[in-house]
Structures are given as C-alpha cells and as structure tokens.
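Student: Copied straight from TrEMBL:
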- F:87-159: domain 'Cyanate lyase C-terminal' (DOMAIN)
- F:Arg100: active site (ACT_SITE)
- F:Glu103: active site (ACT_SITE)
- F:Ser126: active site (ACT_SITE)
There are 10 protein chains.
Amino acid sequence: MEASSNPQFSKLPPISAKLFEAKKAKKLSFEQIGKHIGRSEVWVAALFYGQAKPTETDIHKLSVVLDCPESYLNHDVGSDYFPDRGGLMSVPPTDPTLYRFYEILQVYGYPLKAIIHEKFGDGIMSAIDFTMDVAKIENPAGDRVKITMDGKFLPFKKW
Amino acid sequence: MEASSNPQFSKLPPISAKLFEAKKAKKLSFEQIGKHIGRSEVWVAALFYGQAKPTETDIHKLSVVLDCPESYLNHDVGSDYFPDRGGLMSVPPTDPTLYRFYEILQVYGYPLKAIIHEKFGDGIMSAIDFTMDVAKIENPAGDRVKITMDGKFLPFKKW
Amino acid sequence: MEASSNPQFSKLPPISAKLFEAKKAKKLSFEQIGKHIGRSEVWVAALFYGQAKPTETDIHKLSVVLDCPESYLNHDVGSDYFPDRGGLMSVPPTDPTLYRFYEILQVYGYPLKAIIHEKFGDGIMSAIDFTMDVAKIENPAGDRVKITMDGKFLPFKKW
Amino acid sequence: MEASSNPQFSKLPPISAKLFEAKKAKKLSFEQIGKHIGRSEVWVAALFYGQAKPTETDIHKLSVVLDCPESYLNHDVGSDYFPDRGGLMSVPPTDPTLYRFYEILQVYGYPLKAIIHEKFGDGIMSAIDFTMDVAKIENPAGDRVKITMDGKFLPFKKW
Amino acid sequence: MEASSNPQFSKLPPISAKLFEAKKAKKLSFEQIGKHIGRSEVWVAALFYGQAKPTETDIHKLSVVLDCPESYLNHDVGSDYFPDRGGLMSVPPTDPTLYRFYEILQVYGYPLKAIIHEKFGDGIMSAIDFTMDVAKIENPAGDRVKITMDGKFLPFKKW
Amino acid sequence: MEASSNPQFSKLPPISAKLFEAKKAKKLSFEQIGKHIGRSEVWVAALFYGQAKPTETDIHKLSVVLDCPESYLNHDVGSDYFPDRGGLMSVPPTDPTLYRFYEILQVYGYPLKAIIHEKFGDGIMSAIDFTMDVAKIENPAGDRVKITMDGKFLPFKKW
Amino acid sequence: MEASSNPQFSKLPPISAKLFEAKKAKKLSFEQIGKHIGRSEVWVAALFYGQAKPTETDIHKLSVVLDCPESYLNHDVGSDYFPDRGGLMSVPPTDPTLYRFYEILQVYGYPLKAIIHEKFGDGIMSAIDFTMDVAKIENPAGDRVKITMDGKFLPFKKW
Amino acid sequence: MEASSNPQFSKLPPISAKLFEAKKAKKLSFEQIGKHIGRSEVWVAALFYGQAKPTETDIHKLSVVLDCPESYLNHDVGSDYFPDRGGLMSVPPTDPTLYRFYEILQVYGYPLKAIIHEKFGDGIMSAIDFTMDVAKIENPAGDRVKITMDGKFLPFKKW
Amino acid sequence: MEASSNPQFSKLPPISAKLFEAKKAKKLSFEQIGKHIGRSEVWVAALFYGQAKPTETDIHKLSVVLDCPESYLNHDVGSDYFPDRGGLMSVPPTDPTLYRFYEILQVYGYPLKAIIHEKFGDGIMSAIDFTMDVAKIENPAGDRVKITMDGKFLPFKKW
Amino acid sequence: MEASSNPQFSKLPPISAKLFEAKKAKKLSFEQIGKHIGRSEVWVAALFYGQAKPTETDIHKLSVVLDCPESYLNHDVGSDYFPDRGGLMSVPPTDPTLYRFYEILQVYGYPLKAIIHEKFGDGIMSAIDFTMDVAKIENPAGDRVKITMDGKFLPFKKW
C-alpha cells in the first residue's frame, strides 16, 4: 500500500494511512471516489494526502464509498480540523515524477510571470481560489499528460 | 526596462538585455512577437530569459520583427549556442507571483503524482517534450489565469 | 544616504538609489511623500525599495514632489515595469529591527493560524489584497510601535 | 484533533496534546477560553502551542475551564517550566496560511524598518514587551483579517 | 545484513528489509537473482532499494527464487505500488563509494553536457528510458570498474 | 559563444573564455580538437572548463590546432598551474541535461554501490585514475546517448 | 589596512573603508579613539564596522580626532543614516577568533538560558539596551581575555 | 519538568532527563547544587545538558546532593564517558533568549575580534580554558543580566 | 557508555552499541584491542563506529578479545556487510574536539593543496589507500597530540 | 598563475595576488621561500593564502627573497594587519584534493576523538598552538603523502 510502504509517508497525518487502506481494500481509484462524492480526483487525492479539508457532506459521502464509520472520519478531519499544508516533499523533490514539475518552474518560471504580467498586470494567480485537473491524451507517438491549472488573478492592492 | 531594472536579471546572458531592449523599443508584447515568428508567447519569453534555443528560421524572423541584425543574434544564440537552463530564481522563489506555483507543487505535488500513476502507470510527464500555454479567462467575479501543461508520458524502463 | 551606504542595497534596482537620493535632497520623509501623492507611507517606502508598482498618476505626482523628470521615472518604473518582489533580506534577517518580526512569526505563527481558522475557517489572509500601517503611540513608560495589517480572507476552494 | 492529526505537532511538548484534547472535549474556542481566564485568545493559543508560560492564577483558571486537574498542569507548565520558543515551523513555512506572513516580511520588511526609523529613530519594536490581536472585519466584498501588533520601541544603547 | 545494520536503511520501505533478508538467507548475489528473473543485476538492486516497480511476472519469479510468498510481495510492491524514488542518500553523499560518482558529476558535468550538445543538439539524456550496467575488468595493475549508461536522447521541444 | 553568453561561465578561469573563443573562430568541435592533439573529446572539454591540466606536449599541440600563441597558454595553464576542480554547477544542478545525471545518482546510487561491493569487495571506483567516453548510438526509435566510465577499483586499506 | 586587505570587508558600507584608513593614518587604536570621543572602544569599533549610529556630537568629535571633514561624515552616517546590522560574517563564522564565541553559544547556550530563567524568570537579556567590554587580564600562565556583557532583563509580556 | 516537556530535549543523553528529574524532586536550583559540589552554577547546568564531564569527586558529591546512587551516575557519566558537545540548538537558535546571544555575535563579532587583536595580537580567546558566570544586577529601571566570560588568550603559532 | 549515552550514536548501526558494551565490560582501550587483533587503534575505533569492514580473521580475534560469540559478529559485520561510511557528524561538527580538525581544513586546506601540487604534481592523496595514527607526545609545557596521515599519491589520469 | 587563473582566488586579499606573482617571477617553490625566511613551507603557503600573519622579520626576509619593496608588504600585512581566516573553500570542498581531507574527517572523525580521549582525557587538540608538515615518501608502488599534525592538548576547564 502506498501509505505504508514508502518511508516519507510518515509525514502524513494518521488518518491518511487509514484512508489509503480503505481505498485499497475497496479497489477504488481516486477518479472513482471523486465521482461518488462529486469532487475532482485531484482534490480527493489532496484530501488523502492531508492537504484539503472536507465538508460534512464530503465526510458523509466518503464514509459511504469507503465503507468507513462517519464518526471515525469526523474525529480526525471533522469541523475543528485544519490541514497543515505542504512539507511532504524534500526541496528540490528527489522523485523524478515530482522533480519534473519543479524543473518546469525553474526553467519557465520567469517566462510565466512575464506572460501573466503582460496579460493581467501586476498581480498573482491565486493558489487558494484554484483548481487543477489531469487528463490523459492518447497519442500513437506516446500518450500525453495534460494538466490544467485555473486560479483567480489577484492584483496587488495599492494604498 | 525589465532586464535592467531588476537586480536578479544579472543572472541572464547578455543577449537577454538586448532582446528586452529591442522589445521595449518596438512596444511589442510576447504574444505579438510570438505571432510574428510562429511560436507560442511562452516559448518566446523562455527564449528572452535564456531558457530556449532558437532555430535559424527563428533567428531570421526575430531579427525582422525586432529590427535587430541577424548576425548579431547568430553570434550569441546561433548554432553553437546551448542554453544553460534554470538557476534564475532563488529557491523557494521570493516573488509572490512565482511563489504561488512553488506552493502549488508543495501542496498538490503528491496528489498529482498519485493521479498520474493511476492514469498512466509508473513514469513521469516529460519536461522536455513539453509545451505550456497561458490564457486569460474573463470573469465578472475576477478574471482567471488558466495554465495548460502538455508533456509526453515516459514510462520507467525495466532492463 | 541609505541606498548607497549599506551594502545590501546592491540588491535594489538602480531606480531605488535615485529615488532615495531625491528624497534626501528634498529632505522629505516617507510620510510627507505619501501625503503629497495620496498614498500610505508604507506603500511609498515599498515603492522606493522596488516592491510596488506605481500608476501613471503616482509617477506624475512623484515627479512633482521629488522634482525629478517624469520621463525618467516612466523609463524605469513605467507601464512595462513589474517588480520582482522579495529577496532583499537574508533569511533569517540579521538586522535586529527586521529579525523581531521574523521572531514573532516563529513564536506566534501557529497560534495566529489557529485563531484565523477559528474565526474564518480553512483559508488564508491575503498578502496581495493587503495593506499595512505603522503608528507611533506615545507612552511615558516608553513609546510603542503599533502595526496594523489588513488582508482579505481567502477560503480554500474545493472542486 | 489538531495536535494528534498533524505530523508537525510532534514538535510540541506533551502537555500540548492534552490541552488540545481537553479543549476539543469541552468544545471551546480559544476566544472562549481567553474570556474565562482573562487573557487574549492569541496568548491562550500561544500557551497551547508551548510558546508562553502561565502564572499560577492562569493555571488555576485553566484547570477550571478545561476541567483538568491543577496538579497535572502544575507538573508540566508550573513554576519551574520555561518555554523553549520557536522552532515549530520549517523556514520558510510550507503552509500557505503561515507563508503569507513570511511573504509580508520578505516584501515589506525594509519598508517597515525605514518607517520605524523615520518615526522613532535607531532601534527596534520589542517582540517581548509585545501583544498581538486578530479581528474579523465583515465585508460584503469578502471578510478581512485585521491583525494588530503592539510592541515597545527600544532604542539602541550607546556606551 | 545490509538492510538492518546500517542506520540509513531506515529510509527504505519495509519490504526492502524483507527482500534483503531473503537474499541473505538464500545466499544469492544480485547477479544470480537477475539471471533467475531475467533482469539486470542493477535493476534488481534498484528494486531492493525501493527504486523500481516490478511487473506481475517479476513478482512471480522473485517469489520463486527468494522462496517468499507471492501474495506477500503483491501486497507491498503489487499493481497499486509506485516507488517514491530518490532521497536515500544525503547530498553530497558522505560514503566514499557514492561520493566518487558525485565528484565525477562536479568535475566532468559541463564537459559532458558540451559533448552531448555537440553530438546530439539541444536536449538531454533521459534518466527514465535508461539502463545502466556494471562490469569488472580484470587488470594486473588493479581491476577496473566499467559502468555503461545508455539513455534515449530527448530534444527540447519548441512550440 | 558558450563561455561569454552564459552567466555561470563567470566561474571559469579567464583562459577558458579564450579557449572557447579560439575554438569558435576555428569552427572546431571537441572531437576534432581531441583528434588533433591525441586526447579524448571529454578530456579536451574538461580542459576547456578548467578541470584538467595539460602536459607541455598538449599545450604545444593545442597552440597549433587553435592557432594560439604557445607562450600564452603556458602562462595560464603551464607547469605551475593546477586546476581547482569542481564548483562550476549549483547543487543540485538546475540545468536539465546536468540534472539527469544527478537524478541517476539519487535513484541508482545505492544499487550501484551494492553491485560494486558484490563484484569487487569493500572499496571505491577511483574518480582520479578514471576515463569517460560519450558515444551516439543511432536508433530509429530515437538516438541514444551511451556513456562509459572506467575507473580503477581501490580497496579500503586496513592497518 | 584591515578594511581593504580582507575580502569580506566588501560587505561593509563605503564609509567604513574611509574610517579605517583615517584611523591607520593617525595610528590610533579603538581605545584611543574611544577616549577622545567619550565612548567605549567596543562601541567605536561597532561604528567603524557599520553596526552603530553616531550622534551629532559623536560625529563632531570623530571628525576632530580622525582629522576628517565633519560634512563628510554627516553625509554618510548623519541623521538620516540607519545601520543595517549583522550579516558581516558567514554562519558559522570561519575565522577561529569569531568561531570560539559561536562555539561558546553552541556548548553553553542552554545552560545560560536555564540560569537566566532561574535568576530572573521567563524573559531575555536585551541585545539592544546592552553594553559590552573587553579587558586584558595579565597572567604569567598566559594572559586572559575577560568579556563583560550587560543587558537589561526583559520579561515576556502576558496579555 | 524542563527535560521532558520540551521536545528538543530528545537531543540530550538519557542521563540528562534523570538529573533534571532528581533536581526537580529535590527542589534545588543550579546555584544550590553548585554550592553543594563546589562548582559554578553555569558549569553544573552544562553538566546537566550533557556539555561537561564530572570528576569522580563531582560524581560523589552530586550523588549526595541529588540523593541518587553513585553507581548510577558512574555508569553514565563515569570515567569512560566523554561529552559529545554542541548540537542542542538549531542554528540560528529560534528561542528568543538564546537568539539574543547569537545576535550579539552577528552585530558585535568583528568589533570584538578587532579589539582582541589590538589588545593581544593575532590569536583567539580559548573556549576550552574558559569560564563563564551570570549575575543579576538589581536596578529600579529594570534588573540587568551581567555575563562575564574569561578565556585564555592563545596566540597563533608560527613555524 | 559512549554508545548509549550520547544521542548522535543513534546514527550508528546496532552492532556498534554491542561492541562498545563489550569493550566497556572488558575494560579495554582501543589500543589494547588493537594489540590483541594486530590492528591500529584508529582502525579498531573506525570499526566500532561502523566505518571499516573486518576480515574473517579480525572477526575471530575480536570475538576472543571481547568474549563475544563469533557467529554474532559474523551476522552483522560478516562477509556480506559493507559499511555505509560518513554521515556520523553534522557539518560543520559542533563538538569542539571534532571542529578543530574541520577548522584546520578551512584554514590550511589550500596551502596543503598547493604544497602537495608542488611536491607531487596534479593529483590527490588517497583517503582509501590510507592510514592514520595518533601519538601522545609528553611535554612539560603541555602534552601534544601528534597525528600522522599516510596516503598514496594518485595522479589525475589524462586520456 | 594560480592566483589569477582560478576564479575562487577572488576571495583572497589583494596582497595574495601580488605574492603569487612575485613567487612565479622568481620561480621559487614554497619550500625554497620557507628555507630563505626560516619558516615551514606550509606556513609560507598559509601566509600567501591570507591565513597567517608575518612578523617584522618575516616581512624583511620575504621582501629580500621575493625582491619586493618592504614598505609595500608592511602596508598590507604589517603590524596592524590581522588575517580573517577560513572561508576560502566551499563546504564541502568541490576540489578532489581538498575533498579527500574532508572525507577523512567524515569517516575517521569520531574514531579520532575517541582515541584522543582515551590517551589524553576530555579536551581538544589545539588548532592554534599547532604546526603541520607535508612529506613525500618515495615508494615503487606509488609515492605516498605523509602529513604530520602537531597540536597542544587542551583539557576542558572545570569551574
């Protein structure tokens, strides 16, 4: 199981191990869980990795799809839970799958900032009012990963 | 001008300052330059920041649109030029526009890896056979930045 | 002059040295400049340190109060200028005045996060849609520094 | 529960876990505990996170409001206890809520130092003779977080 | 046994300790295991160190050669397992055997990049579509280690 | 030209810039220079990057092939010159071509050490009594980079 | 001269080089300068190293003892000058004289904190309302350095 | 109790926890223990924090004053014990009481070195042949901490 | 006992704790053990700290002198054991005894390299084909530590 | 010339470049200079690298052997000069010749500390009252580098 067989998962909250175990026992993908609870698979994975907070409804639906007592989830990720985000990976990440995203930022970071400034002005793309999706584009020359990020533009306030 | 008025641009190759000056003098956006030379605005910005290598045709078209001698560009970014990529930003980036992308990686990195593995198997999204685009989505509640990354999936070889 | 007699000011863009010189020649405080151009003294100082972008009106008013050619300011911090923020200080800051703010974050960071979560829910205080002010509270037992930060609460989006 | 479900809470002293558990069992906010014991909610949260030292009276009142034996609190945070402050967060903090405060320091640190110097002279705002408060300002365009810091100005001694 | 008597092996997933124990009990070298399962000894060692993912056939053959229940291996490195690669060594590595490879990169890195660029153009040698072998070349003046790396050349995409 | 148009080349000794300029003017590859002076192209590139020391004969032949005064080379890389090796790249390297070699070490380092130990015993592969070659293997599915390292095995001395 | 012949003095403000030159030309020790201007030699040295701010009277007396125009000092360290303290040394310091103080902190830091807490309660010794002196204690078994630090105790405020 | 309720005390040797517990049970200050065994309170605290080695006589006297079996102390800090000093605090220290000493070194380090050199010549103050004391100076404007360090001057040997 | 009473010994392999315990129980110095097994005391200490690999004969002799079952040693440091060297100390080392060696390298490193180059040419002193000894030179002005390192010179190969 | 053709020599004081130039012009080795002035070649090299302070007699003899005006040397390394030691190399050193010494410390540091403690008790080998020599031991199987360090033992003071 992912959560227990990789040492860095010791950085995850205890609930994560239980969620991953339930997912494995039910043989469900993140996409399938997402469809059951009406959320994106990326957000569901973020929840499993301790990076998102579910609503009461999310908890109820999760308890159904994972066949896991609602009280149990409420205790660990209920209303008084707040994720302490980030910090799972070393910097720079050593895993090649993660590193490539870091490299993209190293190589295309300033070009990206310049384009955002030309299109929007002085500000940022929010990482809070933000969604991300991953699609598989089949291609005979090799399938392609297509990642879409969508964040609100926030202009710097002057005062 | 961006290149000269920000101290970290001292990390750019000398050709960058000249490209930014020519762009400023011609009052062209990266999008406009991209359209003239038949490249994406992100790739053009990457070229200006010393992160991409142009073809001979790119150099010819750039010399036209920027009104800059072709021999001059050939000397600095011609056939025997190879970019030494990355290294422009501190890690983590201090600039808020850049930092948000870093934060997205910190928060959503493992979820992203998990989804890629579920959809594709054991491998990575290439950062070399890769393109990226930025779009502005107008929205009365606040415009949104939409970034699309498209990279070839590369499975880990077994031998 | 501050800008030239402290070595770390080499990290500032060239325009900063000129702004500080003009301010010194005119014997103006940031508060006085702020009143002339209708901005907070903190924002004005941020502009001098290369951390903010002025509007055309700001540039016009600055040129008047600092007795400095408008074309000159337009060249360096005009419409196609975007600040590359952060990066001025070492981390942690070595200067005692700056360090105390860093220490406050070290000591009261998690308490602050907990209180924000109890009052607002899962989210952040924006550092973009944000203002800050500094007041001097006279007190016979020793004057006090009163700093007020005011940022929009941004809830984490679920999707 | 916050203390047990987030891995970094392993950095807190054992008493913290017990305080958070008692708070959860009694369904009290920091604000409510603060009102019961006559302290600010920020200071109470600092105490829970091992960043403050209670008086005997604080301990007595805490034992009442949390329904927790006084002898128990005296053993762990009694007269011979001294907090070993700081060190809870990584630097820079990975959590977005905490990071924004760090970013404010990166961007507005030197401007803040300059304003303090103009208003007070050569010295610092104390982080010891210091209080901090957090208020929620309701606003139809989005609620705002208002943080007030109040610290004694200390001039550098000459000798 | 390697896995248990060296402290840094605490960074390996639990399955690694079991694989090393089985290997020791059966007194098999990586080369011998590789021959049994039809894989390179380097790849087999990578699997033991948690850096590769086996196919179902690999798992079956491993269970035979190591005399270890297939269900057991399937639980830990089966279809829903994905290695979290890298991160085993400190950087730079302190062990002299590992450090020499790091030193080769420090000394011959740019020469290597220059030669690749002269022979292939602007791109990289893939570390994913990649194999590596180690041979012992006997020599009366001292045996020599011969390491062969073979990776696909990937040209940087322009777009 | 590589040496002058990439900022990190400021870390190279002055002779490097001159060698790169002469090479560019003569339109020679490292392979061609190597053939002229009877050395491997990798070693020649190492010399250009300040990582190797030439013999008097090397200097003589280099002065012929590069059409560069021998006295000039003798002054900078003559008998009393000793390279101060390493230090050209940041760690980890930000350039993708260089990073892939670093990643190979991160992922396959311990497997490599284990195989060396199984084949040779307790010791290291020398990085001093060492050669390296790069070959281009043409392949319709994509050309491949083949790198061969050959170093003397040195057993740890017991005393 | 100290300021110019040691490379790390490039971190000092320009005025420092001039002060050190004047001191050398007049063959004065810090103790002698201190006696002339009525300040401790440690404080005078701090001023020369850019770590303290002089009063108008200090500037006047310095100009006399160093035979240096008052207007000149006023320009660089006059009323609108504020030192940007710290940052002169690497951490940990490489120079043995400086390192020993760092080592004392490493070894005796917690003991020092414990003794302060036992004698004074929960608080700090101020580094702002602070003086330091250095004395030479002659001793036939080897002279001894005696350093006295004197700082105001500041108790942590509760609120 | 200090040793057990602060997480960083996990870095102390096991004997430390026992010494702190015995001290707490006997309600003794370091000063009182120091008087009983004829040592400075700072040295006693250093012993408790694993930074000093006691003589046999020290161990005997400690066992009496702490009411703790001598054999027990002999086992852990007896003749074959050698402290592994330093390493208790993070660098820079996050605790404000400790940080102020670090800040003093940052700000007054070079001035201190300059004064030592002017008074003694080229050398260091020993941190080994060294003592330190802490005194409380009562003062109606606020009590003051007075720290005295006394170390042998060691001149750099020439050979 | 050294191994158990110092926290950093948690970095040693489990066999180390057992070797140190046996040494303590037998009241043997490293010098005495070395004489029994025919090895230098430094090499014996290196073995205890997990930095060397014993031969079968060494294991046999160790089992005799330490009165420890041979099978036991064979299991942990037998033929399939390979030390994972380095990594015991923090860098720079915090312990003063270790730090002084680090300081010698900081201060005398380049002089040492220059002398080696003048005497031997372009190459290194091997740390593998290497021995080290420690002698006590009695001296009425204070005993002296004399350390002798003896390593094979390895010239850089040209190819 | 060493000083000017290696980029890291920019960290040396200006006098170093001049000393190296004079040495090169006179074609003298450090050993020869050492014999002329009656100092060890290692100490002479340390002086050239800015790590030692000469006496007046040393300066006089140096001016003779290097044919360099005495007033010139007095200005830069005369009586009011104090070396700011260390800081020349990166940590860990990237140069293989320097790295091997660092590796010896990593591998044999704790063994060395243990032997010193067994032979001398609780203390350090001084790096100040210290000499070092380098000898070439000719050997048909490969010459050997023999380095001898000799430092005063300093016991930790108790007080």
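Backbone N, Cα and C define each Cβ position, glycine as well.
Note: TrEMBL annotation is automatic and uncurated.
For the listed features, I'd like the structural context: burial, neighbours, distances.
Tutor: Averaged across the domain 'Cyanate lyase C-terminal' (F:87-159), pLDDT in this predicted model comes to 96.
Annotation note: F:Arg100 (active site) sits in a helical segment as assigned by DSSP. Shown in sequence order, the list is empty: the chain has no residue 6+ apart in sequence with a C-beta less than 8 angstroms from the C-beta of F:Arg100 (active site).
Around the Cβ of F:Glu103 (active site), the number of neighbouring Cβ atoms within 10 Å comes to 22.
Counting only residues at least six positions away in the same chain, the Cβ atoms of F:Gly151, F:Lys152, F:Phe153, F:Leu154 sit under 8 Å from the Cβ of F:Ser126 (active site).
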Student: For the active-site residues F:Arg100, F:Glu103, F:Ser126, which residues show a Cβ-Cβ distance under 8 Å to chain I?
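Tutor: Near chain I, the qualifying active-site residues are F:Ser126.
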Student: Can you tell me the three-state DSSP label for F:Ser126 (active site)?
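Tutor: Its secondary structure by DSSP: strand.
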